[in-house]
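Comments concern the structure below.
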4 protein chains.
Amino acid sequence: MTSPKKVVLAYSGGLDTSIILKWLATEYGCEVVTFTADLGQGEELEPARKKAELLGINPDSIYIEDLREEFVRDFVFPMFRANAVYEGLYLLGTSIARPLIAKRLVEIAQATGADAIAHGATGKGNDQVRFELSAYALDPSIRVIAPWREWDLTSRTKLLQFAEENQIPIAKDKRGEAPFSVDANLLHTSSEGKVLEDPAEEAPAYVYQRTVAPEDAPDTPTYVEIGFEKGDAVSIDGERLSPAALLTRLNELGGANGVGRLDLVENRFVGMKSRGVYETPGGTVLLVAHRGIEQITLDRGAGHLKDELMPRYAELIYNGFWFSPEREMLQALIDKSQEHVEGTVRVKLYKGSADVVGRSSPASLYSESHVTFEDDAGAYDQKDAAGFIKINALRLKLLAARNKRIAD
Amino acid sequence: MTSPKKVVLAYSGGLDTSIILKWLATEYGCEVVTFTADLGQGEELEPARKKAELLGINPDSIYIEDLREEFVRDFVFPMFRANAVYEGLYLLGTSIARPLIAKRLVEIAQATGADAIAHGATGKGNDQVRFELSAYALDPSIRVIAPWREWDLTSRTKLLQFAEENQIPIAKDKRGEAPFSVDANLLHTSSEGKVLEDPAEEAPAYVYQRTVAPEDAPDTPTYVEIGFEKGDAVSIDGERLSPAALLTRLNELGGANGVGRLDLVENRFVGMKSRGVYETPGGTVLLVAHRGIEQITLDRGAGHLKDELMPRYAELIYNGFWFSPEREMLQALIDKSQEHVEGTVRVKLYKGSADVVGRSSPASLYSESHVTFEDDAGAYDQKDAAGFIKINALRLKLLAARNKRIAD
Amino acid sequence: MTSPKKVVLAYSGGLDTSIILKWLATEYGCEVVTFTADLGQGEELEPARKKAELLGINPDSIYIEDLREEFVRDFVFPMFRANAVYEGLYLLGTSIARPLIAKRLVEIAQATGADAIAHGATGKGNDQVRFELSAYALDPSIRVIAPWREWDLTSRTKLLQFAEENQIPIAKDKRGEAPFSVDANLLHTSSEGKVLEDPAEEAPAYVYQRTVAPEDAPDTPTYVEIGFEKGDAVSIDGERLSPAALLTRLNELGGANGVGRLDLVENRFVGMKSRGVYETPGGTVLLVAHRGIEQITLDRGAGHLKDELMPRYAELIYNGFWFSPEREMLQALIDKSQEHVEGTVRVKLYKGSADVVGRSSPASLYSESHVTFEDDAGAYDQKDAAGFIKINALRLKLLAARNKRIAD
Amino acid sequence: MTSPKKVVLAYSGGLDTSIILKWLATEYGCEVVTFTADLGQGEELEPARKKAELLGINPDSIYIEDLREEFVRDFVFPMFRANAVYEGLYLLGTSIARPLIAKRLVEIAQATGADAIAHGATGKGNDQVRFELSAYALDPSIRVIAPWREWDLTSRTKLLQFAEENQIPIAKDKRGEAPFSVDANLLHTSSEGKVLEDPAEEAPAYVYQRTVAPEDAPDTPTYVEIGFEKGDAVSIDGERLSPAALLTRLNELGGANGVGRLDLVENRFVGMKSRGVYETPGGTVLLVAHRGIEQITLDRGAGHLKDELMPRYAELIYNGFWFSPEREMLQALIDKSQEHVEGTVRVKLYKGSADVVGRSSPASLYSESHVTFEDDAGAYDQKDAAGFIKINALRLKLLAARNKRIAD
């Protein structure tokens, strides 16, 4: 295969992607464009610019973008309309960020005339799949370079040696190996590897970065009211906020109350199990609240259909198929259900828990007159239930009679 | 329709079912057999016997049974193998008890030559459906009498008047109306109605009966180790326990730590939304732990299939179709998956939360050698991932190319 | 319950609905509005007008409408986008017509100030459910009268006596009982009852009305080319046709070749099994052709998701839930997939069979360069397949190794 | 990677696998064991033995087995219990044979101490996946060699040259290239490639090998009665037959009547679309008949659940996951439903069509007394239907009222 001429690299500014930057230039003799995005990971981006410049990247070829609003509005919120959780528990914080990064990589490649993109995900994980499926779905002629699958820098020693040989600055604390690996964005932090590799061992306290321990959270509960429109959160305690601002606020509230920690062994798309520790404070509150508002505004048929399809939808996102026809079809189905998912949910946060304690909506389907133990003024005729049961039972009775007949 | 000659009544010993007892005798002139079961609701059963005798039931016609072990072993545990939750949250504590009661009612009817059974569920709820579908599925010729759908005792005043006219003792605290209605068994308590009817209002503290408030729970976490075999819990902290003893212990542990409270607006099978407050302390711990042991012992394909079918399975139980071919088919599928769901899970209980912090199993599928960031000694060839992604991407690339072609 | 003041009756002009017309006037003393629709059942409508007038209906209260285009465009075609078949075989010809009739009944009720609608479906069938669920979903305050469930005209003799007493003309051939019951519209004919009640007996030849027997069809095949746009058929043999005109033409072509007969025992929503004989000549050709065009234009992920959800979608239509949130959600999902389902399919019709023999499309996803046994010029790297398989196998290998380990 | 020492080759005796045989010996210097199975492909096996001997294989290392009964009993029949069709049409004739071949390859490898197996499937198709996933699932340590993905014999010329250099006899008609490629077993024949590569062109008549053209089939129908027990066919026209004998007979009957031809464009697991022409005469009759017997013996809930899961089940088989936990779980579910799928179905075969015309069963769930238009002697109370509909409508009415309220 011929060498690429110009490569857009997903660049964090850290040691690993700096090594990739140099390796691409060395290995392929190609021009490198860097792309660094603020997805809410909580790091300054300007150092990445400086470092890219230091490593010889032309200032015109350094793309630094704040994607937080797009991330929450077009990726996180649509996903939360589905109440998506992977394997019953994981809120898909890393999974949902990858398609957006891939989308911008491809767009920048098209804008700059690059013929390839590159990322720093390893060959054992899900992220390589998410980056690459997204990229190919958006531009079938793009080439994707995944150095970790290609190069022979297979040990820490070799990596550091390559860095030194290529004048890549190495922060002191990067000399030794990190005790675990981290990914972060506005939705969550993810930690895995090393000290977390034995799933029988409780995760050490220092793994957590965004949430206080429940034991250290306030002794009195915090109450928060979240407003919804068309299935998306739009306000907190009456204050209208942009998507990213809202999630930021929920992260603060959730994090301060120890909400959103998860210790999980999950199944990777590439076939092995891995253990991750996640912190999704705002997302956890959001999920709880969204279910709360759906409870009073969503029809049963709509809700059950969503619930049945959710695992598939979550799996598609986890596996990297955000930009696939089937995810888009499911999204159309989900979005169709959310038109009147509106109103306000009151959530109690306390030492690790987030619980709905009240919900109200102008579009409520809850009818006290139907459910009441008191006289309902004819809203519901209990005798109808007798017919309902009889007809539902008919096939079961025919079956029981048949089984008795042939057993005799 | 002719009158039944002998009716087996699900009899709690309380005022309402005592009224039903007398009403059946009065209305139909039929003999009444009472059936009172200990499902772990936490009430003495002997007073029910005395009361039945007082109301004129022949001692031979009073059935009082401890069904706790059967309940947990044959109903609760099979359900928990599926990680069943209704509408994302409800652990089905009431739903799963009804089929067992119906089964015994039908069996006692057959044993005593009764031609009908009767229950005290109202015409607005799910329980009538669950009792009756179960009964018809087990005996297609049985007749079911649901007095609440038939009689004209439509107000508290009329009920009390009927009680007085029929020498039914009325406890002092039953003169006024209860502030809410309760169902309880070894799996949960359920509270609904009256003070809980406005879903915007937080449930008052006095509703909760089996769990302390998280705020009142101990300031230090409790750790518990649960052992599993074939998907069922078999031990706590190394001590082997019978199903009912195990669930009892988990209820104590969970309840003391404020675990398992749920405030929910749910969709009833009969079409309206209702608000319930549930306490399922032991069940909540069990669900969390079962997911934990599945994380390391269940294959991905098996787990995802279970997750996709779970909402349907839960809906069937909620709607009263425990004794249906489709529930039994799903059970066969689920049970097939549980053969090696075995090992130990460590759960941390703390002020309302129950979280897995460790799991280990002789049948673990977790492979450190595959997942490690370190050298994996050839367990996994990262280059395989490239082909995996390319082939997965092929259809997406063909699609993108097609879409581009026809857009041009 | 008070009597309705004005009732809109689904009126065919036949004996049964004429009796209902008079019974409504007699029983309730209400005004009757008649609604007669041309859905392609193949009967003149003017006689229904004359008969309604004869029975005393005010000409302003007689609604006669040709709904064929709306029927095919807004009901049949959306359903065919899903390849909907009930229980593997039934093309839902009756089911899909009921919501449209109910919709017009409700609209006419609103336009004429009627407070009720009435239909002639019996209490044992699916149609009552379809009419009524549709009506209630469109107007929750409408009242529905189903005379067959209410009156005491429970025998043929009583019906004829009522007719005679009320000066309802009785056609000679209606004196005796019909050997089976028929429903027909542009999509199909349905026959059931009487001579068809024993499912072991082959349906007699005289049951079929719209298709020749395969044995009597031409000895040479007929080829037809059907053009599609956005998943809907738009042309036959190059001639653009309106939806109803197109289906009419396909009925002629299919019917002449003995295509579309079905002898089925199906499960009714009300719980019993029934045997029906259906003729859906044009619909059968359409289904075959639609699958044909999807084969080359629909992505695998999209197609498989549609296939998995189809049984549910078909069940919803069969059960009468056309106007439900969940049907509309599924429709949104299905429609999303059909954007580029376009092109031409060639179908061979021959003595009862309809088979796709060719398909072509400007939006084809079929790539000879990928699939060829010849040199593919690098379109596909066979070595990628090795990695694809290895990664797909990983979990199965880990599982097999685990099972071996614990068995040893 | 080191060379394997002994390889079990799936050997047909044809030119391609003979070349593989020699290539394995040459390339790896390994011992080769051949395995040739009679799966009903309609070829003599003894020539394969002679050819293997001629190519130098030790007679002890030549395995020739008649697997027809095992194939039908343990693979085809379980699959037909599910009514499995892939993408709505394909009866999975090739897919279902691969796991059995892989199973025997692995078992022979274990018996002979071989460390690898080899197959002749190409890198573009599904069969490589099916062979290899099956093998890895049965023996995680087995090595699989797929010469078509490895060697440089990438053209017909090179293959023939290799054959000549290695004294592999080349039949005259193998000098030129075949106009299409064929796979056959007792369930079906599959043809693809070359003359079939343009999906717009009708398949030429000479492609078909096992069925007469409908036009050439007898002018009078053939009727056949198929008996079922536990969901499996056990007899034809009253004669009890072994699984393979039964399918053979159905192939004759179907084939003579032009039944079971299919021209399909399908989606391969490896991502591209391909066009296949299939002949499944006996299988088509069997599918039709199995649906027929289920119509009267299977409960609605059971049948609908099966129908919804069938596409997934078929996809698993198509993709090669026969030996996977999820296929086994689905099989447990399906088998659970088949206990009373017993009785007799009468099928009419005529010029390409196979239609059920009658079904009867001692375990029938069809109840004339419930379905009849005549007086049903109280079997069904039509008034129950009113309540059934009202309760089913309740949520739709609440929804409509809500929507009206917020629109006003």
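Glycine too: its Cβ is placed from the backbone N, Cα and C atoms.
Quick caveat, the model's predicted, so the values are computed rather than measured.
Features as listed in TrEMBL:
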- A:6-169: domain 'Arginosuccinate synthase-like N-terminal' (DOMAIN)
- A:A10, A:Y11, A:S12, A:G13, A:G14, A:L15, A:D16, A:T17, A:S18, A:A37, A:G120: ATP binding site (BINDING)
- A:Y90, A:S95, A:N126, A:R130, A:S181, A:S190, A:E266, A:Y278: L-citrulline binding site (BINDING)
- A:T122, A:N126, A:D127: L-aspartate binding site (BINDING)
- A:180-398: domain 'Arginosuccinate synthase C-terminal' (DOMAIN)
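Reported as a whole number, the C-alpha separation between A:D16 (ATP binding site) and A:T122 (L-aspartate binding site) equals 11 Å. DSSP gives A:S190 (L-citrulline binding site) a strand state. In this view, the densest Cβ surroundings among the binding-site residues A:S12, A:S95, A:T122, A:S181, A:S190 belong to A:S95, judged by other Cβ atoms lying within 10 Å. Around A:S18 (ATP binding site), a 10 Å sphere centred on its CB holds 25 further CB atoms from the protein chains shown. Annotation for the binding-site residues A:G14, A:G120: lowest Cβ count within 10 Å of the residue's own Cβ, A:G14. The ATP site in the record is lined by A:A10, A:Y11, A:S12, A:G13, A:G14, A:L15, A:D16, A:T17, A:S18, A:A37, A:G120, and its two most distant CA atoms lie 16 Å apart.
Checking the binding-site residues A:G14, A:S18, A:S95 against chain B with a Cβ-Cβ cut-off under 8 Å leaves nothing. A 10 Å radius around the C-alpha of A:S95 (L-citrulline binding site) takes in these binding-site residues out of A:A10, A:G14, A:S18, A:D127, in sequence order: A:D127. Regional average pLDDT for the domain 'Arginosuccinate synthase C-terminal' (A:180-398) in the model is 96. Using CA atoms as reference points, the binding-site residues A:T122, A:N126, A:D127, A:R130, A:E266 were checked against A:S18 (ATP binding site), and the closest is A:T122. Classification of A:S181 (L-citrulline binding site) by DSSP places it within a strand.
In this structure, A:E266 (L-citrulline binding site) is part of a beta strand by DSSP. The two recorded residues A:G120 (ATP binding site) and A:Y90 (L-citrulline binding site) have their Cα atoms spaced 23 Å from each other. The record assigns A:Y90, A:S95, A:N126, A:R130, A:S181, A:S190, A:E266, A:Y278 to the L-citrulline site; their largest pairwise CA distance measures 19 Å. When the binding-site residues A:A10, A:Y90, A:S190 are ranked by how far their Cα is from the Cα of A:T122 (L-aspartate binding site), A:A10 comes first.
Here the C-alpha separation of A:Y90 (L-citrulline binding site) and A:D127 (L-aspartate binding site) works out to 15 Å.
Fewest other C-beta atoms within 10 Å: among the binding-site residues A:Y90, A:Y278, that description fits A:Y90. Candidate binding-site residues: A:D127, A:E266, A:Y278. Nearest to A:A10 (ATP binding site) by Cα distance: A:D127.
Neighbour counts were taken at the CB atom with a 10 A radius for the binding-site residues A:A10, A:N126, A:R130, A:E266; the maximum falls on A:R130.
Within the same chain, residues at least six positions away from A:D127 (L-aspartate binding site) with a Cβ under 8 Å of its Cβ are A:T94, A:R98, A:H119, A:A121, A:D183. A:S12 (ATP binding site) has A:S181 as its nearest neighbour among the binding-site residues A:N126, A:R130, A:S181, A:Y278, going by CA to CA distance.
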